[in-house]
């Protein structure tokens, strides 16, 4: 019994050391811009952008093959942060190809749901709950708004709705200046 434990421990230690040496010897440095872009992306690896995960999108953005608006779950805030890194600012804080919109979540009309499980399988964050041939519903706190489930639904029972404001997601509006409050403009 002790011989087996000692031999397994020695084998584990030897293979661990071998993996450590291989990791150092065959390490490939990634460009720092790719790491910076990947750090800004949500990291859900949902594939809504059409790339294999957030790392693939970050590599494509660093090469200029993908627009900064490709990440739908990240929304406008992520697109603005990405525009600052890849230096494609649309001018004045605007991001080309992205309107300023409220975040959305999926909503299932339960009377149209057939329980086919296609939306359940496509959801990258497991925000849809339900069983086979049973009614499904969406957990709004877990939904990232990637709309993958909407495309997968054969009965069009899923729609995108504006994310409801809760105490977790509510923020004060940006204060207006005195000129904006009076409706006057500053003379140039």
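Cβ atoms are placed via backbone N, Cα and C, with glycine included.
Because the structure is a prediction, the values reported are computed rather than measured.
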For which of the residue intervals 1-23, 24-46 does Swiss-Prot record region 'Hydrophobic'?
1-23
Swiss-Prot has 113, 116, 119 binding [4Fe-4S] cluster 2. Which one of 71, 146, 153 is in the same site?
153
Which are the residues of the chain, 123, 143, 146, 149 excluded, whose CB is within 8 A of where the CB atoms of the [4Fe-4S] cluster 3 site average out, their centroid?
46, 106, 119, 122, 124, 125, 127, 128, 138, 144, 145, 147, 148
Check each residue in the chain of residue 149 ([4Fe-4S] cluster 3 binding site) that is at least six apart in sequence and keep those whose C-beta is under 8 Å from its C-beta; list them in sequence order.
106, 119, 122, 123, 128, 138, 158
